[in-house]
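J.: Before I ask anything, here is the structure I am working with.
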Amino acid sequence: MAEEDYLPVYQLRRDSSLLGTMNKILVANRGEIPIRIFRTAHELSMNTVAIYSHEDRLSMHRLKADEAYVIGERGQYSPVQAYLAIDEIIKIAVKHNVNMIHPGYGFCSENSEFARKVEENGILWVGPSDTVIDAVGDKVSARNLAYAANVPTVPGTPGPIEDVAQATAFVEEYGYPVIIKAAFGGGGRGMRVVREGDDIEDAFLRASSEAKTAFGNGTVFIERFLDKPKHIEVQLLADNYGNVIHLFERDCSVQRRHQKVARNCSAKTLPVEVRNAILNDAVKLAKTANYRNAGTAEFLVDSQNRHYFIEINPRIQVEHTITEEITGVDIVAAQIQIAAGASLEQLGLLQEKITTRGFAIQCRITTEDPTKNFQPDTGKIEVYRSSGGNGVRLDGGNGFAGAVISPHYDSMLVKCSTSGSNYEIRRRKMIRALVEFRIRGVKTNIPFLLALLTHPVFMTSECWTTFIDDTPELFKILTSQNRAQKLLAYLGDLAVNGSSIKGQIGLPKLHKEADIPSITDINGDVIDVSIPPPDGWRQFLLEKGPEQFAQQVRAFPGLMIMDTTWRDAHQSLLATRVRTHDLLNIAPATSYALHHAFALECWGGATFDVSMRFLHEDPWQRLRKLRKAVPNIPFSMLLRGGNGVAYYSLPDNAIDHFLKQAKDTGVDVFRVFDALNDIEQLKVGVDAVKKAGGVVEATMCYSGDMLKPGKKYNLEYYINLATEIVEMGTHILAVKDMAGTLKPTAAKQLISALRRKFPSLPIHVHTHDSAGTGVASMVACARAGADVVTVRVNSMSGMTSQPSMSAFIASLDGEIETGIPEANAREIDAYWAEMRLLYSCFEADLKGPDPEVYQHEIPGGQLTNLLFQAQQVGLGEKWVETKKAYEAANRLLGDIVKVTPTSKVVGDLAQFMVSNKLSSEDVERLASELDFPDSVLDFFEGLMGTPYGGFPEPLRTNVISGKRRKLTSRPGLTLEPYNIPAIREDLEARFSKVTENDVASYNMYPKVYEAYKKQQELYGDLSVLPTRNFLSPPKIDEERHVTIVTIETRKTLIIKCMAEGELSQSSGTREVYFELNGEMRKVTVEDKNGAVETITRPKADAHNPNEIGAPMAGVVVEVRVHENGEVKKGDPIAVLSAMKMEMVISSPVAGRIGQIAVKENDSVDASDLIPKSSRLSKLLMFIILIILY
């Protein structure tokens, strides 16, 4: 040969001398492989032509070519058929003077007719000849080729099988298991493994049908199935002159349903002699077939290292990239130049010169959801950030932000290949590369790939072809958190629709981050609160246990305080809306300022469900974070006895389970009460706390004014109740004055009597300052012998809240020591003063003390919520009337102890009376006919326990007659224990990352928990958002409105809202654009006000008993009847939701439903027509199912 024939490859490419006039190439494919081929073609100075279907008009491969042409007319071909339309493709090639056609892989790459027609039209086919494709592309023909080359094959049918009878005959001779395979094509399509006779017919039909759909040919054959073999394939290159070389082998054993998932190069565990035998057989097969161009010979290796030839793929393979990485050979360049007539020698591709260097691995990143059996996901890619760096190669297709992933084509986004000097290095590179990817908007298989790459079997390269199917633990996947994009989705919704937080009126008045105050020591020097705080009472408790802790509290020479700012304060003043973010900000300072405090009340009660229901936070995560931030002060929680933190009785084992989780997560002191002071209900909670190992603070609820003559809750009652509690066993005795009706004189008498009766028992008193006498009452308690009182920081005190900490400390100055420097109390109060501005949109707007509390006795925590609720359901103008009705309702119920949930019974009955204009006499007279609120029925049934003095009769009997039973024992005894393992299993099937905390949450509030998890799926962890950004819509393109979010330590997001798009008339959505850490991102948001249809609803005629109207404004949750349906007395008709209440509208008499004027999710106003009945004759009342928060 001439000297120029031995020029290096890069010089040949540069002058393209081997290509001659072959300067224009068309790739008859789509997605990633055309782009790969175009890149090499450009390096060879060639012009490139892409083809595309109408559905692919936005695909990246169209843009990467010099020219691009659509296949046929719109609608002429289906999305897949377009790439199988060989005549149309050739017509495009001829029309535009194409010299070469490269088929890529898939579609027509193994279609001999296509190859033949291409060459008949004078165009070079980049691949083996049509006769070779016929000889090796058909797996049956390939088997015959193997016989001719004396290469071992798996026993199978000598030719294609036509029907089930032939398949059955084969298995009768060779036995099971067998595999039915498509004769044409690959990729796992048209394959079925059959292990027993009953499945053979279905497997044959499905394999044939699938092959027909995928490859246009339903021919199949059958062979013995090797159990747990390795899949080894050899990369071949052959020129037009009979020369064949191999580029070594690839281990493609990691498959799912016969489709390769991860490809390794080379095969690490293959013995040398087996490798050489396979390589030699591959070359022998190619020479026997007179093969040309690139191809792959595939083999199976059984457990005895015997290899069997299975097929030759007469095309380039998906995984060719890793062979290129370890050999340095550009296989596509070799294909093109061989097609143009170059020899392997001219290309410098001589077998003895080809070596491998290191190892490589390839993973296909697809839009498949591994948690749903790899179901392909579709949609628009919102974010696409790829990997890179040393040893990483990416071959991409439609992986870019804005790409629409359709269901028509393969779900691959990009092929990621990594290489390294050894097997472990390239594995670690792949893990790193996959972790760097950020793909949002569609599900991907990246989490599964990471699980695979870290599995011990994969790490040793001992996998077999069914490894994935045989290894279920691979599917215990840690899915991507997608935190940033989910936060943008929330902020986008906030920008378009405004805040959706219930109860918010207006926007926060604080327009900056709150200042964190400095804490000073006794010398006035600033303390560094970033270092661990000094030991507090919690260290003593952890070391000595509850018993000695209680003794030490009693022995304390002064008075201890519990601060309720973190729970009861914001429940009483701010609708329980203070977020974890703001508690954590002040936590380090608090751990210093109040390190001598008895406890911080920060959990339980209404904060538990409100965290999930309205703040979209996990209450357990709040507890964990606060516990970490404040390790030195005991945490206290409020526990509703046999209800846990729910508003209804639960099985005892659910209470036990919940309290174990609470104790393990960080609660120390459990303030246990029962809403009726029912000792049996109280005992459930007390016993559960003892089992959990917590400090028991058994609590008796103070109600009314014990100084008032004739009051049934007098001093004797409380002393007797306390005696029962002490006999039951408690570490601390607590008094809970929830309405603030414990006057100073009564406080002195009660605490003095308790101290005389129980001289060694610590006493803790809790009150509300509704009447303005809270500080005086707590001072009286201190002087009478109380050990602990409840106060809160000044800015969060007063009115329905607890007394002021500073005022209380000052009142005892020089008399009783609290251990809390008043200066420190003032320092942390500065922060909470700003919090009142930040949460001003939840203020109840109370102007001052309300001495009327001594008459209506509404608990402090309920007063603001009841006012807010009344406003939401249209009774705001009747607030004075509602308070009077509260007094009347309490008398009707027998003057009960009023604390959640019994206080809600009184409140619901009061609103029911006001809404329906009922007096006390009306209620008593019509009790058997009225549909009372469900909470009232629960009370009279006995589900809340038994009130002191019993139930009022005959009212109880009349109310529940025909509707409820009368319980005579503790409610929990009537409930079946929860199957907690089964509940966890159910939650794990529905939600990700389920813990015992989640199970406990679900047990307390099933619907609330489910709604919270769904919200979390949409928006992620919203607790990381600063509160002003959580409540206020972002402003467009203003530097001062940048949102800075710390999602974890040392990981910060800087978010800026850039623009809001126009309303889409077709979808009712808007696109909102953000700058996230300097990178543009977009979210699509439904505009809930953009296409609102104005609906004027008919009103029910109050004088027509056949027309049933809504009692107050709300949303239709459910319609339970249909038109012309018959109803019996008491049958539910519809369910309405109005803030805290759900109203089940039921029929008081039998009748037939006529027109139904509403549907689910409709908003209705008071008196809006719900159904019209043809035969209802009595006034319809309403059952109110209380959903509390």
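Cβ coordinates come from backbone N, Cα and C, glycine included.
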J.: Taking Asp568, Asp931, Asp934, Asp938 as the options, which does Swiss-Prot list with Lys736, His766, His768 at the divalent metal cation site?
T.: Asp568
J.: Kindly point out which candidate in Thr321, Thr323, Thr900 is recorded by Swiss-Prot as part of the substrate site with Arg567, Asp568, Ala569, His570, Gln571, Arg640.
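T.: When Swiss-Prot describes the substrate site, the candidate it includes is Thr900.
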J.: Just jot down the residues in the same chain as His766 (divalent metal cation binding site), at least 6 apart in sequence, with C-beta under 8 A of its C-beta; none if empty.
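T.: The list for His766 (divalent metal cation binding site) reads Met562, Thr564, Arg671, Thr699, Ala734, Val735, Lys736, Asp737, Met738, Val789, Thr790, Gln802, given in order along the sequence.
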J.: What Cα-Cα separation, expressed in whole Å, is found between Arg640 (substrate binding site) and His768 (divalent metal cation binding site)?
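T.: About 18 Å separates the two Cα atoms.
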J.: Which one, from the recorded positions His258, Arg315, Arg567, Lys736, His768, has the smallest tally of other C-beta atoms lying within 10 Å of its C-beta?
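T.: If we count Cβ atoms within 10 Å for the recorded positions His258, Arg315, Arg567, Lys736, His768, the smallest count is at His258.
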J.: Between the binding-site residues Gln571, Thr900, where is the Cβ count within 10 Å the lowest?
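T.: Sparsest of the binding-site residues Gln571, Thr900 by Cβ contacts within 10 Å: Thr900.
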J.: Near Glu223 (ATP binding site), which residues of its chain come within a Cβ-Cβ distance under 8 Å, counting only those 6 or more away in sequence?
T.: Thr153, Val154, Pro155, Gly156, Thr157, Val178, Ile179, Lys181
J.: Output, ordered by sequence, the same-chain residues six or more apart from Ala569 (substrate binding site) with a CB under 8 Å from its CB, or 'none'.
T.: Arg792, Val793, Met796, Ser797, Ser801, Gln802
J.: Where does Arg315 (active site) sit in DSSP terms: helix, strand, or coil?
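T.: Arg315 (active site) sits in coil per DSSP, no helix or strand.
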J.: Is Arg640 (substrate binding site) helix, strand or coil when read with DSSP?
T.: coil
J.: Please name which of the binding-site residues listed here, Arg567, Asp568, His570, His768, is nearest in space to His258 (ATP binding site), Cα against Cα.
T.: Arg567
J.: Taking the Cβ of His570 (substrate binding site) as the centre, how many other Cβ atoms fall within a 10 Å radius?
T.: 28
